[in-house]
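**Student:** Mind having a look at this structure? Questions to follow.
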Amino acid sequence: MSGIEEKCNESSYSADSIKVLKGLEAVRKRPGMYIGDVGDGSGLHHMIYEVVDNSIDEALAGYCDLIRVTLNKNGSVTVSDNGRGIPVEIHEEEGISAAEVIMTQLHAGGKFDQHSYKISGGLHGVGVSVVNALSEWLELRIWRNNKEYFIRFNNGITEAPLSIVKENIDKKGTEVTFFPSVGIFTNIEFDFVTIEHRLRELAFLNSGVKILLIDNRFEEVKKVEFFYTGGIEAYVQYIDRAKHAIHPCIVVNTEHVESGISLELAIHWNDSYHENILCFTNNIRQRDGGTHLSAFKSAITRVITSYLDTTGLNKKTKHDFSGEDTREGICCVLSVKVPDPKFSSQTKDKLVSSEVRPVVENAVYTKVLEWFEEHPIEAKAIIAKIMEAANAREAARKARELTRRKSALEVSNLPGKLADCHAKDPAISELFIVEGDSAGGTAKQGRDSKIQAILPLRGKILNVERARFDKMLSSEQIGTLITALGISVEREFSLEKLRYHKVIIMTDADVDGSHIRTLLLTFFYRHMPELINKGYLYIAQPPLYKVKSGASELYLKNEQALQNYLIKSTINDTKLILDGQEQLIGYNLEDLINKVVQFNCLLDRASKKFNRSITEILAINDLFNKKIFEPESGSRLQKALDVLNNLEESPDKTNLQVLKHENRIEFFHFSRGLKNTKILLKEQLELFEFVEISQFALSIFDIFSKRLKLIVKGKEFDVVTPSQLLNTIIECGKKGITIQRFKGLGEMNSDQLWDTTLDPTKRTLLQVRVSEVDEAEGIFSTLMGDVVEPRRLFIQANALNVMNLDI
């Protein structure tokens, strides 16, 4: 550095250079430090959690048993509870109400006073004030002293002091409504499932507290109630619902008086090969564990060692067991309440309070060992499970050593099937995992060999959910994949030697391709989770259609994209004549067609519950509601059915007749002497899907109540229903073009595969992410495990949602 540069730096660095961010300005300047990532949605949802945590703290103190979270139509969120209500008195030091202090100043609140809250997860005045700072507006209502108080903030700034808006109110509690700042968050749309997961978690951890989640954003109001009296024991049973437990739950509930630390523990071993331990401190999840997790692991190992020594079972073991062996198949929820917890970061993902370790370790060791001694039969089953794990680990070790010795003698240890790339930098290298040699050959020809490697997998891929670790290592396909990636798995897992930073699963669009993709995802989730956590795992999105018009070609991802293309290709040459006079063209016609497309989607969704053609004709005549049961609707109903009977392409063109009863309507026709009947129940008309169809039909009712003539490229068509209109336009759009549907990757040539799926500048990739670990755990166990009942229930619950089934 030159002398001039030194002088410049010295002169510019003075007292004036030190900027002090006052009030909540610091939060708005660096929101990520306080609320988490503002781009990926985690920080946005943390806004809700911060407010809910304060209500939970009221519950922990014994003053609250009902919490309500409402997602409002305008995009705001309301969180209310029936606790004591935030204090409203004037704060002596600040000269404003305590409520305003809490909402506008960091590090101000009741959690710093040990008399107000013995245990707390969030900090009033840190959490809530941050929410206020990061909201476009926030409204606070407090019910306290038989009065209702109100105050509103804009971007964290008080509009007017706290005021009394109602008196003689027999109610206590707090209600916070906030609208996230568009300038802070990339996306301000809340995800119902993400919130549902966290609230369910809190309900399990706080037995006896009822939490309501209400979503008012859509026409169908969604409401979920969480209330569990079984506590964390019920939580473990919920997490492990798709596995076989080998013994009843072990429950530990104790408090260390001197430190004020309390412990709740529910644990059982199941017949799976994976451990699942959830750790919480003051209701906050620690994804990276901490001192409580270390203490638990140490205590469990000590319990098993001590029990083996006491009973003499250690003499029967073939191999020494490790800590990992003791936790194979374990499912545990560990919850500690700590008066003044210390975490490694603002996100509280790791507990570092050293005083927690001895309390947890001693309590777990004492209570679990006591349970083992009182339940010798169950204890013996657990020991057998652990010894089996030790034997499998030893077998896996020998298999690895054999593989290493074999590899050391070979010039190259890369699998022969792998067509590797020339690049040695993992950051730019990609590995495509493809199904079979046929697709593999095409992919090898079409790839960019500089950065893209191709690995074809042939034969049946092992379902690792049902296989031991040693059996998995002996699988040819899994072994080939592990070798190609350059890394080992499980205990030896490290991403340092990973040869590709994009691992892309590329399978066919049929049922076999979906199955292979699921098996591969199961392997990566179970044995290479860091690959997913780092964002290295992707799923390719090959097109389903190729459209050729003259010399031009276009690839389309799915059925919806094809439909949109066909509509757009004809819209400029299309007009709709209403009652022989008025005509719809251009934007107005496009708007109608968009509505018809939406209407068709609603009909498709409801078609599993009632006949589609009848639903449509009733809806566009304003009869797919309770009006159909009114006596005066008879003539309109018969007229609608006459229209349906006369439609040329109607599958129900068999002289459909109707018979009305008090609470049901029978639609019937005779075919080959047999009576075919479809029954519409009065109560069915209250189903959300049916109400949605009825209401949406009103937006196109005026159009379809007229006589319609569709003109496409000079050709005229009489149309009556929305489906007829849409199908006519689509069929006209197909004329003069060639549409090819790809069933598998092998049907494409190398150039097509490059243009659609391999070319980094044109392709679409789906990145695999796991947002909620225990929910993912449940899904993989349900779909890929060996317990049939949860899978049967899952299929029954979701079967009607399947639109296209490949069988």
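The count begins at 1 with the first shown residue.
Every residue, even glycine, has its Cβ placed from backbone N, Cα and C.
What you are looking at is a predicted structure, and each value in this text was computed from that prediction instead of being measured.
Annotation comment: Swiss-Prot describes Glu435, Asp508 as Mg(2+) 1 binding site. The Mg(2+) 2 binding site annotation in Swiss-Prot covers Asp508, Asp510, and the record cites sequence analysis as its basis. Under the heading domain 'Toprim', Swiss-Prot lists 429-543, citing sequence analysis as support. For Lys460, Asn463, the entry in Swiss-Prot reads site 'Interaction with DNA', with the evidence type sequence analysis.
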**Student:** Let me know the model's mean pLDDT on the domain 'Toprim' (429-543).
**Tutor:** 82
**Student:** Just to confirm: which same-chain residues, 6+ apart in sequence, have a Cβ under 8 Å from the Cβ of Glu435 (Mg(2+) 1 binding site)?
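**Tutor:** Set apart from Glu435 (Mg(2+) 1 binding site) by at least 6 residues yet with Cβ under 8 Å, we have Pro456, Leu457, Met506, Thr507, Asp508, Asp512, Gly513, Ile516, Leu745.
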**Student:** 10 Å Cβ neighbour count around Asn463 (site 'Interaction with DNA')?
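**Tutor:** Summing over all protein chains shown, Asn463 (site 'Interaction with DNA') has 16 other Cβ atoms within 10 Å.
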**Student:** Reduced to three states, what secondary structure does DSSP give Asp508 (Mg(2+) 1 binding site)?
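**Tutor:** In three-state terms, Asp508 (Mg(2+) 1 binding site) counts as coil.
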**Student:** Can you count helix, strand and coil residues in the domain 'Toprim' (429-543) using DSSP?
**Tutor:** 57 helix, 21 strand, 37 coil
**Student:** At a 10 Å cut-off from the C-beta of Asp508 (Mg(2+) 1 binding site), count the other C-beta atoms across all protein chains.
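**Tutor:** Taking every protein chain into account, the count is 22.
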